[in-house]
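Inspection log for the structure reproduced underneath, given as structure tokens.
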Amino acid sequence: MTATGEPGNREDSSTGAPATNTNTPTTIVTPPSPNPVPSDLPMPNSNGSGNHKSTIVIESQPKRRVSIISDPPAIGGSGPGSGYDNPAYEQNPRRKISQTSTHSHSDIGPARRKSILKDSAPPHDYDSDRASTHSYENYRQNALDVLNAKYNGHQMGHTSLGDSNGGANYVEESWMYTFCLKCRGEEPSSSWEPPFWQKIFPYPLCPTFRTVSRLISIILIGVLIWVTAFVIIGDSAAPGGQLFGLVVLTVAANFGGYLISLTTLPRLIGMLMVGILFQNVGWANLDGDFSKVTAHLRKFALTIILTRAGLEMEPEAFKKVYKTILKLGIIPWCVEAAVMAVMSHFLLDLPWIWAFLLGSIIAAVSPAVVVPCLFRLRTKGYGVAKGIPTLVVAVAGVDDALSVAIFGIISTVMFSDKGLAYQIAQAPVCIIGGLGFGVIWGSLARIFPEKGDAFVVPLRTLLLFTGGLMAIYGSEELGFEGAGPLAVVFSAFVSNLFWCKDGWNVEDNPVSTAFEVFWMIFEPILFGLTGATIKIRELDSHTVSIGAACIFTGSILRILTTAGIAFGDRLNTKEKFFVGLSWMAKATVQAALGPVALKHLDENSTDDERNWANIVQTICVFSIVLTAPLGAILISVTGTKLLTKTKQPQDLSGWRRSHRPSIRDISIIDEEEEREDPEIPEDKETHDNTLNNAHIPTISYTYNT
């Protein structure tokens, strides 16, 4: 059989050079096709000569768009490693592949990469790779098949063969399998395990060997630390002691957070509930002299919260939209704090200064609730085109810094016995001093240690953490408590700005990862302690109901204010309301600052002051209970309804991880199934390229038999 192509410019398939343009059709000898001739082809002529001539036009397949996002290949070279299908026929090295490609037309390359659909190498045996590692597919192929076979064999002993066929996948269809699979997280890499493990502990009905070994390691470390602490401290670390009770509360809070996380709600809800349970059952005894220890733990947790808030702010994005961030971070905060102060003054009989102290705490947003929910939306492509997740997280950092700074100023004025001039100087001194310390300490973190040091990550982490602790404790000692939180946030932001200039990526900052580890340790401690401050039998129903009304009223007015002032920010009405909804969740700042006012009181304080401090603490805790789960649910549910989804898939490796080129960067998407993104404007150069290629004729083949 011979295939005759139409005249025109062609290229030699063996050399890659263009063929001569002639009027003589080119004949290519091809091996006989192993497939039978389709039935719709014309039959031979009736004269029985056996020769016939038919023309088959290859119908266009469903249009597919190939998007390649990778580093530019080296220009030049025509060998097999040059990365081009045919370098000699590469007429336009700057050609943009698709509408969503990130290639620049002004730069050299990247040109057409070698297609992944054409591979001369023998196919790779991926089955052997899967057999050598314990992936999810491998788990299901061994132990679960055995269980299914045993179940089917048992069924065949009681029923007919036809009735037992429906139970072929009984285990995988059971509710227990679904529940256990939901409890198992995806492992980042392949794991080793003993050969007998899957026979005794089949996955996912039982945890993997990696999970069990990790748990055993943590238990051994905890036991060794406890034995050492018992030898050094004595009875307080023994069972029944306050330190031992704190450790048990922390472990139980962590487990409660894990159980709540299975419902996709924030872990801190479970931690808070465990603390409330321990207090009201009588398992927590953290009063007396041990309250000094818990106060210091709260300050450590506050330092970690504020440092992470500063590291979350992307310097380049902040410089571009700093007006929007400050506008949406300050004005809605002031509205919610003022509403909370006015309502608590008239409805709960709090003095004005106590009312504004409560308002400054309640108006803070919780990144611990907002960030995980926005991460799930971001990985699905919602709101990414306009940078809404980044905007919400940046405003949350500004919001927390403002809340803690105003709280420090008000509490210093409340519990200080110094003169009026000192109280008036609180605000300017705290703002200027906090920002100045942040600039100085952030600049030092760039110079010391040197960026090429082998231990640059741990040294920078410890330098930033110890500097934050010095700012918190030092400002309190000097009597300007509001300066410390501002200094912590701003020092983290300035240091992150300099590190980005030196080559670090905001989304892959190892110092930020280290503070995430710190937060994993202090999160159950903070929320467990906060829950343990609530004694249900001593609660006043009037205070709880009025406090809930104040919280929801302030949140609703904040949402409306956000939607009203977000003009000129390229956000439509739905996106404005979503941004307002995402800032209603309360958690971290309320847990850290709620009990602080009560700790400031001493034996000379009046009963009214103690009552006011208890009201502040109670409303702060209930703001977490009411708004944290509701905020998480609203973000997850309304995000898919109010935000626009981009068609380009997002990096699923994590929000804090940089994008690395891989085979997953190449996506082939059917245009019929793809919705055009209204957020991406029409690309003129891509449109021009399409028009320029319109003259290429449809390829047809003539078959001679």
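A Cβ is built for glycine as well, from the same backbone N, Cα and C atoms used for every other residue.
For 1-132 (among others), the entry in TrEMBL reads region 'Disordered'.
Positions annotated as compositional bias 'Low complexity' by TrEMBL: 14-30.
Positions annotated as compositional bias 'Pro residues' by TrEMBL: 31-41.
Taken from TrEMBL, the feature compositional bias 'Polar residues' applies to 46-58.
Positions annotated as compositional bias 'Basic and acidic residues' by TrEMBL: 121-132.
What TrEMBL records for 215-234 (among others) is transmembrane segment.
TrEMBL lists 243-262 (among others) with the feature transmembrane segment.
The feature domain 'Cation/H+ exchanger transmembrane' is assigned by TrEMBL to 254-630.
Taken from TrEMBL, the feature transmembrane segment applies to 325-346 (among others).
Here TrEMBL flags 352-375 (among others) as transmembrane segment. Counting only same-chain residues 6+ beyond the ends of the transmembrane segment (352-375), those with a CB under 8 A from a CB of the stretch are 266, 268, 305, 308-309, 312, 333-334, 336-342, 344-345, 389, 392-393, 395-397, 399-400, 403-404, 406-407, 410-411, 413-414, 523, 550-551, 554, 558, 582-583, 585-590, 593-594, 597, 612, 615-616, 619-620, 623-624, 628, 631-632, 635-636, 639, 654-655.
Annotated transmembrane segment per TrEMBL: 387-414 (among others), in sequence order.
Per TrEMBL, the feature transmembrane segment maps to 420-442 (among others). Counting same-chain residues at least six beyond the ends of the transmembrane segment (420-442), those with a Cβ under 8 angstroms from any Cβ of the stretch are 405, 408-409, 412-413, 467, 471, 475, 479-498.
According to TrEMBL, the transmembrane segment annotation covers 454-473 (among others).
Taken from TrEMBL, the feature transmembrane segment applies to 479-499 (among others).
Residues or ranges marked as transmembrane segment by TrEMBL: 511-534 (among others).
Taken from TrEMBL, the feature transmembrane segment applies to 546-565 (among others).
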Per Cβ pairs under 8 Å, the stretch of 454-473, 479-499, 511-534, 546-565, 577-595 packing most closely against the transmembrane segment (615-637): 577-595
Taking contact to mean 3 or more CB pairs closer than 8 A (sequence separation of 6 or more), are the transmembrane segment (511-534) and the transmembrane segment (325-346) in contact? no
Cβ under 8 Å, sequence separation of at least 6 from the ends of the transmembrane segment (454-473): give me the contacting residues as numbers and ranges. 299-300, 302-304, 306-307, 434, 437, 441, 444-445, 448, 483-485, 487-488, 491-492, 495, 499, 510-511, 514-515, 518
Best-packed against the transmembrane segment (387-414), counting Cβ pairs under 8 Å over 215-234, 243-262, 325-346, 479-499, 546-565, is stretch 479-499
